[in-house]
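Q: Take a look at the following structure, please.
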Amino acid sequence: NLSTVSEFVFVGLSDAPEIRLLLFVLFLLIYLATMAGNITLLVAISTDSHLHSPMYFLLGNLSLLDLLCPTITVPKMLGALLLEHKKISFSGCLFQHFSLIAVVGTEIFLLAVMAYDRYVAVCHPLRYPSIMNMKLCAQLAVGTWATGLLNSLLHTSLVFTLSFCGPNKIQQYYCDIPPVLALSCSSTHSRELVLLVVAGVLGGSACVLTVVSYIYILLEILARNSPGIWHKAFSTCGSHLTVVCLFYGTTICTYVRPSFTYSPRRDRVVSMLYGMLTPLLNPIIYSLRNKEVKCALKRVISQV
């Protein structure tokens, strides 16, 4: 009597009717603030000539990813909260899953590239214009997007070629790897192992590059030991380091672990951190820590 699942049902946040309207208003405001912040930052980077440099080119890519990440999941969640439209087709779930993993993976690799950019800026300031030229930055950006898409294609093909013939209720507000795997009626151990290895190798490589870059930055600061070097280095790297800690911490907790440790309630909280709050905080962090960005934002707002 088993039949193939043709649609899934979200039972994440919309299963609390007494606070559904409050959650809708709260998440709508967060989503609108995220859109406004990242669009403003993108406009400032593209229109202000002072920000036409490799560092801000990479920051513009980060803002674009922060626009895409909540847009993939939040509108569907808002519809479930307000209209109780909790269903999503199998193909719609597949597309949402592919898009989200592509964006998250691309952001992980992009943060590693941004760490390398900060390393060159601090450790090789005189050679920075020749090393981090716009051609190399464009190639690195294209490489991060391509790697993110290929990584997502592998993850999506491994997850959605499984058999789904039983329960179809996803314990989350979007189609993520752990809750979808939990619904499969076929063995998932071998595919989970492949997913963990791929995520570990790619994510670990990006994380190692980021850590090594900051180790070299720290060693360079200690070697110089000149007045004001700590303040200058923190103003150069502080924003990126804050974003890295926030984003890496939440994504590693979500994806780089076996499925038997999956906890729907805890994972919903963690996924909100990297899916909604991180894209909201990124433009705030960069604008508060960077004088050039603050000046550019003031000019954009005054023009508007």
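Each Cβ is built from the backbone N, Cα and C atoms, and glycine gets one as well.
TrEMBL labels come from automatic prediction, so no person has curated them.
Reproduced below are the annotations present in TrEMBL:
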type: DOMAIN; residues: 37-286; note: domain 'G-protein coupled receptors family 1 profile'
type: TRANSMEM; residues: 20-44; note: transmembrane segment
type: TRANSMEM; residues: 56-74; note: transmembrane segment
type: TRANSMEM; residues: 94-116; note: transmembrane segment
type: TRANSMEM; residues: 136-154; note: transmembrane segment
type: TRANSMEM; residues: 193-217; note: transmembrane segment
type: TRANSMEM; residues: 229-249; note: transmembrane segment
type: TRANSMEM; residues: 269-288; note: transmembrane segment
Q: Which listed stretch (56-74, 94-116, 193-217) has the most C-beta pairs under 8 A with the transmembrane segment (136-154)?
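A: The stretch I would name here is 94-116.
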Q: Near the transmembrane segment (56-74), which residues from the same chain, at least 6 beyond its ends, have a CB less than 8 A from one of its CBs?
A: 27, 31, 34-35, 38-39, 41-42, 45-46, 96, 99-100, 103-104, 106-107, 110-111, 113-114, 117, 134, 137-138, 140-141, 144, 173-174, 243, 274-276, 278-279, 282-283, 286, 292-293
Q: Take the transmembrane segment (20-44) and find every residue of the same chain, 6 or more past its ends, with a Cβ under 8 Å from one of its Cβ atoms.
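A: Tertiary neighbours of the transmembrane segment (20-44) are 13-14, 51, 59-60, 63-64, 66-67, 70-71, 74-75, 77-78, 81-82, 276-277, 279-280, 282-284, 286-287, 293, 296-297, 299-301.
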Q: Mean pLDDT, the domain 'G-protein coupled receptors family 1 profile' (37-286)?
A: 82
